[in-house]
Each structure stands twice: as C-alpha cells, then as structure tokens.
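Undergrad: Below you'll find the structure I mean.
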Amino acid sequence: MTTVIKNGTVYQNGHLIKADVLIDGQKIKAIGTDLEGEEIIDASGMIVSPGLVDVHVHYRDPGQTYKEDIKTGSQAAARGGFTTVGAMPNVTPVPNTAELMDKMVRENQKKGLVHILQYGPVTNDETTDIIPDYAALKKAGAFALSNDGHGVQSAQTMYLAMQKAKENNLIIAAHAQDDSLFNKGIVNEGIAAEKLDLPPVTELAETTQIARDLLLAQKTGVHYHICHVSTKTSVELVRLAKARGIKVTCEVAPHHILLTDSDIPEDNAYFKMNPPLRSKEDQVALLVGLLDGTIDLIATDHAPHAKAEKQGGMRGAAFGITGSETAFSTLYTRFVKEEKVFTLEQLLSLLTDKPATVFGIENAGLLAPGENADIAIFDIEHQREIKEDDFKSKGVNTPFTGHKVYGETVMTFVDGKVVYQRGTK
C-alpha cells in the first residue's frame, strides 16, 4: 500500500521545503510535488520531519516496570515524535552478558513501537570495576556503552574500559560524576540550595570527571560521549578538547537549557534531576555551545518514576524527569517561536540527523528515497497545555505540567506504519 503525505513543509538535508512524501510499504519511495498514493494524508500547515532520534532514555524494563516498561516508554516516544531511541542499561538485571543482551534486544524488538537501540554497561553492574566482554555484548546487539546514573569512579577502570571500547569500536557514553564531590547533594550549589536549605551539588562533581576522561580519551583514541552536560566549565572543556583533536561528543538535555535553579519555586521533587538545574550563566553557555557546535545534540534523559517516588519533597525523592512527550514542543515554543534562539531547521537537526550521525545510526534521522519511512508530523500552529492525563508514559514527573506549548505531534510513522496519531488513546 502506498501513502502520500501532501502539502506539508518537509525537513530534508538541513532545509525546509514544500513537498509531498510518498511511502511505499516500509520505505520512502519519493519526495517531490504532485505525488499520488492510495492513501492521502493532508499535512497542510504542518512540519514533516524525519522521526526524531533520542539517544538517552530509561525504560526501567526489566526490574522496575512499575515506573515504565518497553511498551509505555515507546508509546511515549512515538507521541513525542521519536522513532529511534537509545535505552540505558540501568535495569535489573543489567545486560552485562551476551545472553542477557540478546534477550533485551529481542524484547525491545518484540514490545517496542519504535526502534530501540540497547546500551551495554561500561562495568558489570554499573558500580563495580569489573569490565564485561564488550565483544560479546556488541555481537549480541549492544550499540554503545554507558553506566548512566553512575560515574566510573576509578580512573584505572575507565582507562581500561576505554581501551577495550576502542578495540571493539564502541562509544562510551559517560555520566560524568565524581561521587566524593557530589557528596549526596540534591540541587545546584547556589540559589536553590540556599533558598531551600538543601544539600548542594558542586559543578566540580561533573567537571573534574570530564577533565579526567578527556585525558584518557586522548590517550586511548576512544569515541567518548558525555551525557547531559550541564555547566559552563563542561562546555569549555569540550570546546578545548575538540580543538585539540580529541574524539569527544556531548549532549544536553532539554531541561538544562529550558530551566535554571532559580526556576525552582519550592521544595518540589519534579524539579529534582541529576545533573541538577544549574545557574543562568550555565544555561547561556549551554545554548552558545549548541549554536557553535561544541554540544553536538539534544537528548531527553527520559527518566520516569512512580508518583510515590516524587512526593514529600526533594530529600527522599528519586532523581529524574520524563522527557519524551515534552521535548520537541517545549524546545520549539521557547527557542524557535518565542525567543528565536534557533531556527526550526537547527532544532530539527539537533534532534534528527546530528544524533544519528554522532552514534552512526543507519536509516535514522533523514528523509530520502529508499530510507526507512520513519516520519513525524508536527502541528506548529496549535497550542496545547501539557497535562498529566495526556501522557502515554507511566511517569508524569515533569516540571512542565501546565505549560502552554506549540509543536504537537500529529502523527508518527515507524517503518511506514502509524504508531501514534493525535486524538487516539
């Protein structure tokens, strides 16, 4: 069966063009004008984009499915316009053997509505210094390595891990955190910590480990990717490392450029995430880093939790917020429509072709004849209010509830199949 998406504005190769998109089965057959198909979808006034790519999600499956599972996580991704995601390995059990990795890959394929790429762990259970068999993990389907949620505390362990990752052509995506400096902190050292009388998190917990790892990456030649950079100094370190030819890339999460620690209104656990919300100076540096290419891409760090884990203030609450269903609309509304920090083309690139390129993900992040029909259609004129009742995710832990935004997902295709349509349950 053929389907033609007509009259939309298509994001292709860095440009927005008026065109139709013809889908034949699982593939894009043509992009052009006056195309015909058996089924017609009118996208007048809408943006037709490659499916968004999110290299940083937490699906909690197996082991913590009361928070999220593969089905609900991928439903949330589809509602947000994401068609390819990278799932972190902080599940129970951690997929640290070929057998466990193979099982996870098969479960992702079986239950997921979108393409789910599975991370393997840097160390066996993300906290030990035991390095698993990377070759076996890669053969079983691991697309990259991460201990996200934990920094690798031992420099020697990270050095050995980088050497082995380099041998196996695997990216290490690091959660940069020195636990001795993090010191059980909750919010950024500064305005929020003082106002709320909460334990502070110094930026040094992030920056010192980035500095260490950049030296190790320079020595080993590994592709070192930094998850959710959040400070001005982190951006400066990456900028310097890139200038020196170190193979480093990094991402920023939407909340770190949309919010600062001064936006935390009270002791509200929906504002508790790791890294924490930083200062206005840090926020500006992150935006500059995105604009000049120091920061390569945007990734959500979608981290759903049960409501009970986000009640009673920050001290006893879990770290993390959801992001799949709010990312595009909040970013578009603030930085394209209102403040004009980015063009729409720049924002779409940071969410499509750039993450696909950084991680070498084939058949993702672009619209072209012969490519997979992974497509998102966005209504950038319709305003909606972010409401908990609308979420597909089990987690509703977001500080953006009640915000009025533009850029709603109208329809999402994966391999030519509609996996989300606005107005359907």
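Going from the start of the chain as shown, residues are counted 1 onward.
Quick reminder: no glycine exception, Cβ is built from N, Cα and C everywhere.
The Zn(2+) 1 binding site annotation in Swiss-Prot covers His56, His58, Asp148, Asp301 and is backed by sequence analysis. The substrate binding site annotation in Swiss-Prot covers His58, Tyr59, Arg60, Asn90, Asn274, His305, Phe319, Gly320. The Zn(2+) 2 binding site annotation in Swiss-Prot covers Asp148, His175, His228. Marked as active site by Swiss-Prot: Asp301.
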Undergrad: Out of Asp148, Phe319, Gly320, give those binding-site residues positioned within 10 angstroms of His175 (Zn(2+) 2 binding site), comparing C-alpha atoms, in sequence order.
TA: Asp148
Undergrad: Cα of Asn90 (substrate binding site) to Cα of Asp301 (Zn(2+) 1 binding site): how many Å, rounded?
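TA: Answer for this pair: 13 Å between alpha carbons.
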Undergrad: If you measure Asp301 (Zn(2+) 1 binding site) to His228 (Zn(2+) 2 binding site) at Cα, how many Å is it?
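TA: Between the alpha carbons of Asp301 (Zn(2+) 1 binding site) and His228 (Zn(2+) 2 binding site) there are 8 Å.
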Undergrad: Looking only at His56, His58, Arg60, His228, His305, the binding-site residues on record, which one has the least crowded Cβ, with the fewest other Cβ atoms within 10 Å?
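TA: Candidates: the binding-site residues His56, His58, Arg60, His228, His305. Fewest Cβ atoms within 10 Å: His228.
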Undergrad: Can you tell me how far the Cα of Asp148 (Zn(2+) 1 binding site) sits from the Cα of His228 (Zn(2+) 2 binding site), in Å?
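TA: About 10 Å separate the Cα atoms of these two residues.
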Undergrad: Can you check which residue among the binding-site residues Tyr59, Phe319 has the largest number of Cβ atoms within 10 Å of its own?
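TA: Per the Cβ count, the most surrounded site is Tyr59.
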Undergrad: What does DSSP assign Tyr59 (substrate binding site), in three states?
TA: coil
Undergrad: Within 10 angstroms of the C-beta of Asp301 (Zn(2+) 1 binding site), what count of other C-beta atoms is obtained when all protein chains are considered?
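TA: Taking every protein chain into account, the count is 29.
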